[in-house]
Amino acid sequence: MSRTIVIVGCGVFGLSTAVELAKNHSFDNIIAIDAEPVPSSMSAANDINKIVRPEYADLKYMKLALEAMEKWRNDPELSSVYFECGRLSTISKDPYRARFDEVAQRNLRKLLGDSALINLSSSEEIRKKYPSLFSNSPLRSDMQAVVNEHAGYANSAASLKLLELKARELGVEFVFGKAGKFKKFVVNHSETDIDKNDNHVSVQTEDGTIYHADTILLAVGAYLNAYLNTSHRVCAKGLPVAHIQLTDEEFKTYKNMPIIFDPDCAYAFPPYPVTKLIKLASTGYEYVCNVETDYDENSKVVSIPHSGPSKSSLPKYAIIQMRRFLDTFLPDLADRSLINTKMCWISDTEDANFLIDKVPQFDNVFVANGDSGHAFKFLPNIGRYIAQRILGDLSEEWKDAWRWREDDKASELKWRCVRSLIDYKDAEFTYDK
């Protein structure tokens, strides 16, 4: 009897899993569905770049990241969209964040040796390391930083497309549009159902198509709460993003810059060679979009991505943070317009662990979610671990970290760079110029 899996969502988790299952011939039929073609506008990874770095205070994530980075470097397709530009990270004024970074750096040196990182103990040393970049920058004299010259970024939208093409080559079937837009789970028994268990469900899409499957993987990113009651295990959060367009001459000046990461303010990527855009993202303020649901009393209000018309403006605090960052690090660009602004919606968990587990109320549904803003780097290898969870082979260490929690509430992380969580509907939006 043939076995079928339906993967709902063609972002990082969904595509990586589709490729892994197809390579291993774990299912006879693999169907991946989404409302939009890859890269979907609803995917957090639909962007020009995402950071790829190994620093984690948790050793198991660090090892997972190093494994992924080897694949970024050596995979024939993915290496073409991976850029190892290095990352300059300033030391936070927040003691919890500073402690997190200290532990992460110690872990990396433990695994790779002291040469893995370069410590810069003053603004003078930072300028000496990057003389052309920071010659006019008013850096604080006591500013300290750490450089990882082996970190980098990948073109995230292009990476998703490459994985889709790989999956197609391996025989994965893709369905987009209304026939691929998840609507709900239904109990709709097919002739192949033996026990007719009411907890064995099928997928119904927007146009009424019903997909029967032995196994379903729900990998819908920030939209999970719209389809499934997770009892607040995950929360959709919006992160502000903007860009600066460089001229050809400016591109020559900034093309060799590292990622500059200031956890107290914002961060910036080198200009992408094709578009010559520098991407900026602010830290400190995150946004939720709370809506009422018909879930149980404990989940009456959940956050899902804002579904109204997208705003061409940004929250006021985000612009303030980005401008402060530019004034400090890239003053020659400080008066430039912020363009292509958007909110990048992620699926966040309180402890930053992913949610990769069987959904308790169903017999045949698994979930891969909770990217928490750091999952993209694992695009080359996370599918292997999701597949292991589906097939029952995942290590106990990862099973415990990624389990579906109900009674045991996860511990909130104090090191996160979040000063305030603001409801999207209450945020003050403004135009940059």
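Cβ atoms are placed via backbone N, Cα and C, with glycine included.
Pulled from Swiss-Prot:
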- 1-18: signal peptide (SIGNAL)
- Asn24: N-linked glycosylation site (CARBOHYD)
- Asn119: N-linked glycosylation site (CARBOHYD)
- Asn188: N-linked glycosylation site (CARBOHYD)
- Asn229: N-linked glycosylation site (CARBOHYD)
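All features noted in Swiss-Prot, drawn onto the structure.
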{"residue": "Asn24", "record": "N-linked glycosylation site", "DSSP class": "helix"}
{"residue": "Asn119", "record": "N-linked glycosylation site", "DSSP class": "strand"}
{"residue": "Asn229", "record": "N-linked glycosylation site", "DSSP class": "coil"}
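Annotated pair Asn24 (N-linked glycosylation site) and Asn229 (N-linked glycosylation site), C-alpha to C-alpha distance, rounded: 32 Å. Taking all protein chains in view, 12 other C-beta atoms sit within 10 angstroms of the C-beta of Asn24 (N-linked glycosylation site). A Cα-Cα distance of 45 Å separates Asn229 (N-linked glycosylation site) from Asn119 (N-linked glycosylation site). Neighbour count (other Cβ atoms within 10 Å of the Cβ, all protein chains): 12 for Asn119 (N-linked glycosylation site). In the structure as shown, the Cβ atom of Asn229 (N-linked glycosylation site) sits within 10 Å of 17 other Cβ atoms.
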